[in-house]
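**Student:** Sharing a structure here in structure tokens format.
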Amino acid sequence: MASGQDFNVASAITFGIMILTVGLKWTFVLGTFGYIPYGWGLYMNSIKENYVWLLLFGAAFCGISAGLFWSSEGSVFVIYPAPEDRGKYLSAWAVGKNLGPALGGAINLGINAKRIQGGSVDSNTYIVFAVLMCVGCGIAFLLPSPEKVERKDGSKVKVAPPVPVWDAIKAYWRSLTEKRILLLLPLFFFSFFYYAYMSAYLTRTFNVRSRAFSSLVSPMGGVLSSYLASLVLDSKRLKVRTKSTFLFFVLLFLQIGLWVWLLVIHYVYNNEYSHLDWSHNKFAIFYIPNILFFFNSYTGQSLFYWTVSNFSTELNELTRYVSIIRSIESMGQSLSWILTSNAAGVDASGSGLIIVNLVGIVVSLGIASPIFLRLNHHKAKEYDDYFISEMSETSSEKSKEIEI
């Protein structure tokens, strides 16, 4: 898993630059190609041992391709909608990202519902997923190019002309080193850092059918949080700063509460339970944190992308911001998988990783707090240092503020 994430880190950065040179649609389409060999590699490796090479090739190819997909999918949902609809579309994106796993979970549960022991899932599970990956690749061709998009208010997407590769690299570096982005980088890094630990936790704590049940139910937490976040972010009654401040504190209190919950589970039960079935009387105590992590992480996703969408109105600049988020998220995931693996020499069942996650996310939220607590919606080039030293009301009125 870590090796695939390593590919995603490099390719999300590289192909964020690629969007600026070849265009958003075709970057998105190419990003779906790698999932096909990966899906079939999973299936073939589950039925025959001598197909490990296909799984490794598919994982590497998918890691490269996923960088294209990761860099472009977020850009579509940030750039295509009008500013006043952006929260709704970001919510739709997050809902789609969770309905996919929920569909996979339904398939997984249907095939593995009677497997009460620990271990791996039925090999037929993989063939269904491989077919769906092929279908998704075909559907990607239906995405319109930005210049063909017409919003419901009649406005068009502002399409910037392609830029030379070297100019794109320099622009990417400028975006990466902006003060406001630097303050957000630790939070992007830790936003999905929890995932590797929770994956190991689920495997260690629950049996096959309970994990299949989880793959169906847990994404619903993400669907619910995305919908609720969209109500806040698209509210006409709330100021931009009020929206970001409210969701910031939701993230902060949920993160602290969830990691403390897991610490209590660890010290009270001391890994006493393993391969729990959903019929066990303590199932809910161990399982509810997983749903809440989905809820919390996708609340964060909606907030992060909506926040950077307030930094600029330019397609190229927004594309760079999105690719930065995706690449740093992937970097955090990569390190978390390495730490969780046996090769790192870290006891994944101990309290160390819980404490690392708790401290990391709380500190990163603290570093990023000036962004969310002082957010406004200005054109990027007019308030480069806004979050470091707040503008006076007079200078704010003179800037070309975009009202949402």
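Here the Cβ of each residue, glycine as well, is placed from N, Cα and C on the backbone.
Just so you know, TrEMBL annotations are computer predictions that nobody has curated.
Keep in mind that what you see is a predicted model, and the values were worked out from it rather than measured.
Sharing the record's features from TrEMBL:
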type     : residues : note
TRANSMEM : 12-38    : transmembrane segment
TRANSMEM : 50-70    : transmembrane segment
TRANSMEM : 125-143  : transmembrane segment
TRANSMEM : 181-200  : transmembrane segment
TRANSMEM : 212-233  : transmembrane segment
TRANSMEM : 245-269  : transmembrane segment
TRANSMEM : 284-306  : transmembrane segment
TRANSMEM : 351-373  : transmembrane segment
**Student:** Could you give the residue numbers and ranges of same-chain residues that sit at least 6 residues beyond the transmembrane segment (212-233) on either side and whose C-beta is under 8 angstroms from one of its C-beta atoms?
**Tutor:** 86-88, 90-92, 94-95, 97-102, 104-106, 108-109, 111-113, 115, 121, 202, 206, 243, 246-247, 278, 287, 290-299, 301-303, 306
**Student:** Residue list, the transmembrane segment (351-373) vs rest of chain: Cβ under 8 Å, 6 or more residues beyond ends.
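**Tutor:** Contacts of the transmembrane segment (351-373) (Cβ under 8 Å, skipping residues fewer than 6 from its ends): 180, 183-184, 186-187, 189-190, 193-194, 197, 241, 244-245, 247-248, 251-252, 255-256, 259-260, 262-263, 266-267, 303, 307, 339-340, 387-388.
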**Student:** Short question: which residues 6 or more past the ends of the transmembrane segment (284-306) have a Cβ under 8 Å from it?
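**Tutor:** Residues 74, 77-78, 86-87, 90-91, 94, 97-98, 184, 187-188, 191-192, 194-195, 198, 201-202, 205-206, 210, 214, 217-226, 228-230, 233, 244, 247-248, 250-251, 254-255, 258, 261-262, 265, 273, 276, 322, 325, 372 contact the transmembrane segment (284-306) from elsewhere in the chain.
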**Student:** How about long-range neighbours of the transmembrane segment (181-200): same chain, 6 or more residues beyond its ends, C-beta under 8 Å?
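**Tutor:** Sequence-remote neighbours of the transmembrane segment (181-200) are 1, 175, 289-290, 293, 297, 300-301, 304, 307-308, 321, 324-325, 328-329, 331-333, 335-337, 339-340, 348-349, 353-354, 357, 360-361, 363-365, 367-368, 370-371, 387.
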